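Visitor: One structure, as structure tokens, below. Some questions next.
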Amino acid sequence: MSKALDVYCGHADNSIRLISSDGAKTLETAYGHCAPVSCLGLSPDSNYLVTGSRDTTVLLWRIHRVLVSHSNVVSEHSTGTGTLSPTSNSSSHLIEKNRRRRIEGPMQVLRGHRSEIISCCVNSNLGIVVSCSHSSDVLLHSIRRGRLIRRLDGVEAHIVCLSSEGVVMTWNESQHTLSTFTLNGTPIARAQFSFFCSISCMQISIDGTSALIGVNSLENGRAYNNSLNSQLNKSGVDFDSESEETDENNRTDLPSPSICFLDMHTL
């Protein structure tokens with residue numbers, strides 16, 4: 001698909017909505033969850049969409065194009081006399097306009113989490129969906145059968161990404177660690193961040209070798225700030241002592257806010 005999809009979630013009616021690129025029109029509304037959708041992820045080829053919800057499930061959707069009849073498209077770009085408007089550039093423009101995206105599904109209902117899904121992603125070439133929740137391990141499901149194929153035991157994550165090479169990258173907000181694993185759950189690399197900064201978004205390059213991360217300061221009002229401080233106070237964690245105990249060789253000091261490129265295998 002030539003243009004990126006604009007899909008929105010978090011609506012009170014538990015829907016996901018496909019919005020036009022200019023944000024002026026809702027192209028399609030799809031329903032499947034029993035609670036508001038909390039996160040979503042689109043496959044690199046834009047053929048699959050996964051959505052996670054407060055209902056603890058992950059749904060797999062298929063994104064495809066439906067060809068609208070040529071006569072309908074022409075009428076949209078015609079004058080009152082039935083001739084094409086001078087503003088129409090070419091027939092290729094009409095062809096692009098009549099290839100409209102549609103959301104099909106849900107194709108699979110993926111289960112195994114026990115609380116709200118907070119991050120999910122999908123790769124159609126690998127045939128795998130990766131997801132995480134507040135109280136469950138990171139789970140890997142099959143696209144084809146919708147079955148749970150792997151549970152990364154003991155891996156707590158608040159953001160997950162999946163590379164084209166089959167490397168799972170996770171961000172743990174509580175421990176402030178960025179980690180990479182094989183699909184079998186074998187650790188590859190791990191980076192420790194300061195307790196005063198947080199990763200707000202992650203994206204992996206198409207070739208699967210590099211990662212782009214957005215780093216923000218917790219002092220600037222990150223959503224996890226209050227909950228993190230509460231957890232640390234209850235557990236008696238001291239920022240200064242924790243910093244001293246951290247292995248300096250594994251510690252990653254980054255300016256905040258910042259956008260950084262990292263090697264997937266070394267971080």
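Residue numbers in this text run from 1 along the chain shown.
A Cβ is built for glycine as well, from the same backbone N, Cα and C atoms used for every other residue.
Here's the feature list from TrEMBL:
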DOMAIN    6-208  domain 'Neurobeachin beta-propeller'
REPEAT    30-63  repeat 'WD'
REGION    76-98  region 'Disordered'
COMPBIAS  76-93  compositional bias 'Polar residues'
REGION    236-256  region 'Disordered'
Visitor: Reported in the order helix, strand, coil, what are the DSSP residue counts of the repeat 'WD' (30-63)?
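Guide: Each residue of the repeat 'WD' (30-63) counted once, the result is 0 helix, 20 strand, 14 coil.
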Visitor: Pop the mean pLDDT for the domain 'Neurobeachin beta-propeller' (6-208) in here, whole number is fine.
Guide: 85
